[in-house]
Amino acid sequence: MKWKTKISGESPYTCQHCGKVFRKNTNLKCHMRIHTGEKPFSCQQCGNSFTQKGTLNRHMRIHTGEKPYSCQLCEKSFTAEVNLKYHMNSHTGVKPFRCEQCGKFFKRKKTLTSHMKMHLKENCYTCHQCGMTFRDIKHLNRHMRIHTGEKPYTCHHCGKSFRHSVSLKTHMRLHTGEKPYTCSQCGNSFKYKATFNAHMRGHTGECPHRCKLCGNSFSQKGNLKTHMRVHTGEKPFICAQCGKSFTRKESLNYHMRIHSRENGFQCLECGKCFPDKKNLKRHVIIHTGEKPFICHHCGKSCRFKGNLKTHMKIHTGEKPFICSQCGKGFTFKGNLEVHMRVHTRERPFKCVQCKRSYTYQKDLNRHLQTHSGKTLPCSDCGKQFIKGSNLKNHQCIHFKERFNCNHCNKMFILISHLQIHQKIHADVRRYLCSVCGKRFKWLGSLKCHQKMRVCVKSRLRSHREQR
């Protein structure tokens, strides 16, 4: 067979089978193996043969585990440079291969080629049951098992059957204990690739599953599903003993220890049980009245260290979480997430009795008191109240103590009312209009001023006078 044909120009070596042109004779010789079927480079471990030595070298990395091409963004490694190149598209979002028929984009050329067969109906295989099309007869035959119910692959250990051989192979790891996926960072091994990928996100920090309602991201789809119950209010795990419900099964299991006295820790003061000693210790402080954590700024005492840490932000003024809609700052991320419901109009807390919904849990709790029929009587006059806050305000009427204004001797039941009143006498105008510079004693007066646009009108008038 004649392999070499001289032509003019820089590429003198042409393949007589397909017309492809090469600059070097050695490249043409390598190419000819595609047509002759010659595969002189064999793997000594598995017997696979290859047309080129470079392909064999890349293949050997499967056996050696060598992955010399690493992603600098997530540190994931690959056996071949082309795989790293394709992987980088997942970070950049680039899909360079476009289908001319439907305009769909793909990250890999191989995926585009496979997709193109779907448009070429003469090369497709159609399922007569549901109309789905497949690029080859093998995929159609596999699909048909869904309709026929055929499960030809049976586990000889437990008798369970599977539609596909790969499903049986994966299942066998339950019996053999094989864990082929090993984490290079911490050494943990996994039976399934999906579990391994989810674990790796813990190292890379990748969180591809994003909540559309609040923007929180999660490394696993199951965690997102559990999180969504915060918005829906769903609590599918119910305690059979007390009826309390939980969003997570783990929380229910933890709660059940309260009912099993032998595993729980009981408070000797009130008899309440706790699942662990730490929670019991925290609870006992309520009875002792101990507040060991003291603020060095104002001397306030707190029962718990977390409460002191929260309180300290009042003095530092730290508000690192800013609302992108209105610019309001918050000390904690949770407070920002709750605040965002004002803009999204989300009302995740629903009353099961009348279907009314609320933005905040506290509002739902307050509303539920109207269904309970329970009222709180005033011990002095017997008047009934649904809300504890209303009863507390009412009871001030019966108190003999009054708060007097030093300027006009006006009396108030609550000290907070006195403090508001005293602003009338004090010429403190804390609220500044950013447009005209005018100051106000009351926030309501500033808002009213801005709505009336008085400052804008006066500015326009003065501008006309200057002209």
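Glycine too: its Cβ is placed from the backbone N, Cα and C atoms.
Remember, TrEMBL labels are computer predictions, not curated facts.
Copied over from TrEMBL, here are the features:
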DOMAIN    13-40  domain 'C2H2-type'
DOMAIN    69-96  domain 'C2H2-type'
DOMAIN    97-124  domain 'C2H2-type'
DOMAIN    125-152  domain 'C2H2-type'
DOMAIN    153-180  domain 'C2H2-type'
DOMAIN    181-208  domain 'C2H2-type'
DOMAIN    209-236  domain 'C2H2-type'
DOMAIN    237-264  domain 'C2H2-type'
DOMAIN    293-320  domain 'C2H2-type'
DOMAIN    376-403  domain 'C2H2-type'
DOMAIN    403-430  domain 'C2H2-type'
DOMAIN    431-467  domain 'C2H2-type'
Inset, instruction - Take the domain 'C2H2-type' (97-124) and find every residue of the same chain, 6 or more past its ends, with a Cβ under 8 Å from one of its Cβ atoms. - result: 86, 89-90, 133-135
Legend entry - Same-chain residue ranges lying at least 6 outside the domain 'C2H2-type' (181-208) that approach it to Cβ under 8 Å: 74-77, 170, 173-174, 217-220
Legend entry - Intrachain neighbours beyond the domain 'C2H2-type' (125-152), with Cβ under 8 angstroms and 6 or more residues off its ends: 114, 117-118, 161-164
Legend entry - Number of helical, extended and coil residues in the domain 'C2H2-type' (403-430), per DSSP: 8 helix, 4 strand, 16 coil
Legend entry - Secondary structure composition of the domain 'C2H2-type' (181-208) [DSSP: H/G/I, E/B, coil]: 12 helix, 4 strand, 12 coil
